[in-house]
Amino acid sequence: MNKSLNYKMSGVILGLYTLLGLFSMGSFWGLHSVSKMGEGWMICFSFGFSEFMLSDYSFCLMFDVYSCSFSAVVCFISMWVMVYSGFYMAHELHIRRFSYLVLLFVLSMNLLIYNPSMISLMVGWDGLGVISYLLVAYYMDSNSSAAASLTVFSNRVGDVMFIIFISILALNFDLEWYSLDGDFSSVLLMCLSWSMLLGSLTKSAQFPFVAWLPAAMAAPTPVSALVHSSTLVTAGVYMLIRFHSILGISALVCLCFLCLGTFFIAGLGGLVEMDIKKVVALSTLSQVSLMMFALSLGFPNLALFHLLVHAFFKALMFMTVGCLMYCSAGTQDIRLLSNLTSKLPLTSGWMSVSFMCLCGLPFMSGFYSKDLVVEAAIGNSVALGVNVAVLATVMLTAAYSSRVLFLLFSEQEVGLSTSHYSETSPYLVFSMCGLGTSAFLGGYAVQSLLLGSKDYFNVSVLLKNSILVCLVLGVSLGYVFSFMNSGSLKWKWFPKLQGFVSTLFYMSMMSGWWVGSRSCSFISNLVIKFEDFWVLNSFWYKGVGNVADYLGFMFRESYAKELNFLVFSISVWVVMAGLFSVLNDWKLLSEVTALARDLF
């Protein structure tokens, strides 16, 4: 890469780093100001454009604890991701185009966060889908194009549900969502809650719409870090947090079981998957389902708390995985990546921190939020089966996280050489250390800002210790599965189990192929039949055509004589005008001929 391109890349990254840093600082300042006002307060700014348009229009921005905290984390993580792009995208010729797409992606997310108008929310919601297509298809090959198409068309289902939600609000209430007073009829509440629930489940890749998230791994790793940590996947969770008050009992119960199902599918998939990037994607599925599980229990603050903390360590996790792939020539198979500590010590250290945060080990950032969600389930008289399922998910998370670490840190030399790469890039060191420190300390900092020092739940010592026991059992299970399908421990049924679970219990086929292609085929055939039969045949040919034919017949019958006389009169006038023109031309020709004869 020549020096001019290097300077250009440095200038773009420095400019976006400064811009996103200022946005993040402003959001943190807004969070501090709003939190001092007390719980439930919000500040709205309205900008009118009546002088520039024919009709009055106002653009509103709303600042409260939810919007300021989430926007601050989004801009903060985007800032470090842009710095990391200076390392990972160093050999890209179109770094400026990539940077502008990332900036538009972040702006669409902030439009979704700050705007209280449902129309502007839809612009931000749809902007995330469109720009995600451009980012996933960034490399412009067949695999990335197919993954981008699956991503955007799967999210179209959520967009339709969101449009239905906005339409119901427009017909019955104001389009400013904070003006809803909660006085709904039962039918209206059911329509609102289910449309919002289905739209959010699609956007957050929950059961049964789980196929598009692993496919989105075709995007560059900085994009994956943004998508999985704080932007596209978390948009559905944020919308449910905003509108949790309108979710009915049936929707909450359904959400609870769907989240537990997604957690088990993702946990078992991560336990047998050999693609390290896909393991990280499946961990996103499991943690997003944990956020929605907290919502189903009626704790939106806990869901937001875990969403913010998860964003820190998930972005760090993708950075470390991307560095490992970059230094091993794109290898993603965990079995070929070993002895990581001696080859990439900085990457291995921060990767250990990120996976320990994912497990929720004590004093890590994930411990502060994840432990509260588990306590909310087992300490609030929830059904016994739900409590057991939640503890099992804790064990599964610890199992697949420890399995990855055991495989990567093993000293057997079966992997590819990474000795020709080093961790001396300032972009890599600066971004990893900055975001890693935030991931390590973010749990305590966010808890003090968002929740304060109050105790949420009183859980017995036995139940507290059960969480620790599940963590220990999960680490032991991960150690056993790290030797699975190897020479020391090879079971015949493991390849079949791996093939079944890695397809997410065939949900990738169902939600990707059936829901995607079949639904698109059905809708296209429906549109064709509607256009051919109703619009063209029934409405145009038989409707408008028959009416026009009938009106023409009535006109001819009623005004036949007058019409014939009018046509005859016009014909006579045309003939007379033609003769007069010919006579004038003949007279003019005679005068010209006489003048020429006199001259010559």
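Just so it is clear, glycine is given a Cβ too, placed from its N, Cα and C backbone atoms.
Taken from TrEMBL, the feature transmembrane segment covers 12-32, 61-83, 119-139, 160-178, 247-272, 279-299, 305-327, 348-368, 427-446, 466-485, 497-516, 563-583 (among others). According to TrEMBL, the feature domain 'NADH-Ubiquinone oxidoreductase (complex I) chain 5 N-terminal' maps to 57-98. Marked as domain 'NADH:quinone oxidoreductase/Mrp antiporter transmembrane' by TrEMBL: 117-395. The domain 'NADH dehydrogenase subunit 5 C-terminal' annotation in TrEMBL covers 400-577.
Long-range Cβ contacts of the transmembrane segment (247-272) within its own chain (Cβ-Cβ under 8 Å, at least 6 residues beyond either end) map to 189-190, 193-194, 196-197, 201, 206-207, 210, 240, 278-279, 282-283, 285-286, 288-290, 292-293, 295-298, 386, 389-390, 392-393, 396-397, 399-400, 403, 477-478, 481, 484, 494, 497-498, 501-502, 504-505, 507.
Beyond the transmembrane segment (427-446), the same-chain residues lying 6 or more positions past its ends with a Cβ under 8 Å from any Cβ of the stretch are 13, 69, 76-77, 80-81, 83-87, 90, 305, 308-309, 312-313, 315-316, 319-320, 323, 346-347, 350, 353-354, 357, 364-369. Listed by sequence, the residues of this chain that lie at least six past the ends of the transmembrane segment (279-299) yet keep a Cβ under 8 A from its Cβ atoms are 200, 204-206, 210, 213-214, 216-217, 224, 228, 233-234, 237, 240-241, 244, 247, 252-253, 255-256, 258-260, 262-263, 265-267, 269-270, 273, 306-307, 310, 314, 317-318, 321, 334, 358, 370, 373, 376-377, 380, 382, 390, 393, 396-397, 400-401, 404.
The residues of the domain 'NADH-Ubiquinone oxidoreductase (complex I) chain 5 N-terminal' (57-98), classed with DSSP into helix (H, G, I), strand (E, B) and coil, number 28 helix, 6 strand, 8 coil. Long-range neighbours of the transmembrane segment (119-139) within the same chain, counting only residues 6 or more positions beyond its ends whose Cβ lies under 8 Å from a Cβ of the stretch, are 59-60, 98, 101-102, 104-105, 107-113, 145, 147-149, 151-152, 155-156, 159, 162-163, 166, 175, 177, 203, 216, 218-220, 223, 227, 231-232, 235, 239. Averaged across the domain 'NADH-Ubiquinone oxidoreductase (complex I) chain 5 N-terminal' (57-98), the predicted model reaches a pLDDT of 81.
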